[in-house]
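Here is the structure we will look at, set down as C-alpha cells.
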Amino acid sequence: ATKLYRGSLIALCISNVFFMLPWQFAQFVLLTQIASLFAVYVVGYIDIYKLQKIIYIHMISLALCFVLMFGNSMLLTSYYASSLVIIWGILAMKPHLLKRNVSELSLWVIQGCFWLFGTIILKYLTSKIFGIADDAHIGNLLTSKFFSYKDFDTLLYTCAAEFDFMEKETPLRYTKTLLLPVVLVVFIAIVRKIISDMWGALAKQQTHIRKHQFDHGELVYHALQLLAYTALGILIMRLKLFLTPHMCVMASLICSRQLFGWLFCKVHPGAVIFAVLAAMSIQGSANLQTQWNIVGEFSNLPQEELIEWIKYSTKPDAVFAGAMPTMASVKLSALRPIVNHPHYEDAGLRARTKIVYSMYSRKAAEEVKRELIKLKVNYYILEESWCIRRSKPGCSMPEIWDVEDPANAGKTPLCNLLVKDSKPHFTTVFQNSVYKVLEVVKE
C-alpha cells in the first residue's frame with residue numbers, strides 16, 4: 001500500500017496480541033518478521049515513516065500482552081522487545097547518519113551491525129538488570145545446536161524429535177509434491193530482481209537524494225521471511241509448521257506477472273498453472289488418501305483409569321508430581337494441584353521439574369523424597385517407560401541425569417528400584433500397565 005491506514009494498523013495490533021497470548025514462542029516468530037521488515041527498509045523498499053508506524057504498533061501490542069499476561073516480564077526482556085527498541089533507535093538516528101558522507105553499502109552494513117549487536121547486548125543487559133532467566137534455556141538450546149554444550153534442560157529438548165534438527169525426509173516430501181522446486185523457481189526470480197535493484201542503487205550512489213523507492217517490496221519481504229522460517233525449521237523441526245504454509249504462499253507467486261511476465265507473453269498463464277497443479281496432484285492425492293485412511297478415535301485406557309482413581313480416591317487438595325504431559329492431564333481432568341506442567345518458559349518451573357525428574361536419576365530414594373516433601377508433594381506418578389525409553393544414544397532419562405549428576409553415574413536408576421519395591425520411602429497406592437502412583441511417606 002502507498003500509505004498505511006488506521007484500520008490496517010489496528011488489525012495488525014489485534015493479530016499480534018492474539019498470536020502472542022497463547023504461545024510463548026510467538027516472540028521468536030515476530031522477531032523474524034521484524035528483522036525481515038528492517039532488512040527491507042535498510043535496502044530501500046519501504047520508507048522510514050511506514051516502518052516507524054509498524055514498529056510502534058508492535059510495541060503497543062507487546063505492552064498489551066505484558067498487561068494481559070499479568071506482567072510477564074519475559075516479554076520485556078526478550079530478543080523481540082530488544083530488537084524493537086534498537087530499530088526505533090536506528091530510525092531516530094538515521095538523519096544524523098545521512099549527514100555523514102558514507103556510501104550506500106556502508107550505510108547498509110552500519111545499520112545491520114547496529115541492529116544485530118545492539119539487540120544481543122540490550123537483551124543481555126535487560127535480563128541482568130531485571131534478573132530474568134525464564135528464557136535462558138532457549139539461548140542454551142541454540143548454543144547446543146552449534147557447539148557441544150549440553151545440560152539437563154537442553155537435553156530434554158534436543159532428545160525430543162520435534163526439537164531436533166529437521167529430518168531428512170521433510171525436504172524429500174516437499175520435492176515429491178513439487179512444492180520445493182516451485183518455491184525455488186519463485187525465490188530465484190525474486191533474488192534476480194533484488195540483485196538488479198541493489199546493483200542499480202550501489203552504482204548510482206544516490207544515498208541522500210533517492211526519491212523513487214523500489215517496487216514490490218512485499219516480494220522481498222516474503223523472500224526474507226522464507227529464509228528466516230527455513231532457518232527455524234532446520235534448527236527446530238517442529239517450527240516447520242511456519243515453513244510449510246509459507247512455502248505454499250510463495251508457490252502461489254508462480255502466477256505473478258511481475259516475476260514471470262516474460263513467460264506469460266509466450267504461454268497462457270492458465271496453462272502454466274494447470275500443468276503445475278496437475279503435476280503436484282499426483283503425490284498430493286496419495287498424501288490425502290493416506291490421511292483419509294486413518295480411521296478411529298484416540299484412546300488411552302491406562303490414563304483414564306489413573307484419572308478416575310485420582311478423582312475418587314484422593315482428596316481435592318492432594319498435590320501431584322510426575323512427567324509434564326501427564327501432569328497437564330491430571331490438572332485438566334482431575335483438577336488436582338500439580339507442582340510442574342509443560343510451560344517450560346519459567347525459571348521456577350524448570351527448577352521444580354528438575355527436582356521432580358530426579359525420580360529418574362541415580363540419586364538415593366531418601367534424597368529424592370526429601371526434595372519432594374519440600375515441594376509439598378503427596379503423590380508421585382511414576383511411568384516405567386520414562387526410565388527405559390531411549391530416542392537415541394545418550395537420551396534415556398538416566399543418561400541425561402549422568403550429564404547433570406556425574407557423581408552418581410553407574411548406579412542403578414532409582415525408578416528401576418521403585419518399580420520393583422517402593423518401600424520404605426514411598427507406598428504404592430495404585431498401579432496399572434503404564435502408571436504407578438507412589439504416596440510420599442511423611443517423616
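Backbone N, Cα and C define each Cβ position, glycine as well.
Per TrEMBL, the feature transmembrane segment maps to 25-46 (among others).
Within its own chain, the transmembrane segment (53-71) has Cβ neighbours under 8 Å at 4, 9, 12-14, 16-17, 20-21, 30, 34, 37, 80-81, 84, 87-88, 91, counting only residues six or more beyond its boundaries. Taken from TrEMBL, the feature transmembrane segment covers 53-71 (among others).
The transmembrane segment annotation in TrEMBL covers 77-93 (among others).
The annotation transmembrane segment is assigned in TrEMBL to 105-125 (among others).
Same-chain residues lying 6 or more positions outside the transmembrane segment (178-195) and placing a CB less than 8 Å from one of its CB atoms are 43, 171, 216, 219-220, 222-223, 226, 247-248, 250-251, 253-254, 256, 259-260, 276, 279-280, 283. According to TrEMBL, the transmembrane segment annotation covers 178-195 (among others).
Sequence annotations record features per position, and here TrEMBL assigns transmembrane segment to 219-239 (among others). If one looks beyond the transmembrane segment (219-239) by at least 6 residues along the same chain, the residues whose Cβ comes under 8 Å of a Cβ in the stretch are 25, 28-29, 32-33, 35-37, 39-40, 43, 45, 142, 145, 161-167, 170, 183, 187, 190-191, 193-194, 246-247, 249-250, 253, 256, 258-259.
Here TrEMBL flags 259-282 (among others) as transmembrane segment.
When each of 25-46, 77-93, 259-282 is checked for Cβ pairs under 8 Å to the transmembrane segment (105-125), 77-93 comes out on top.
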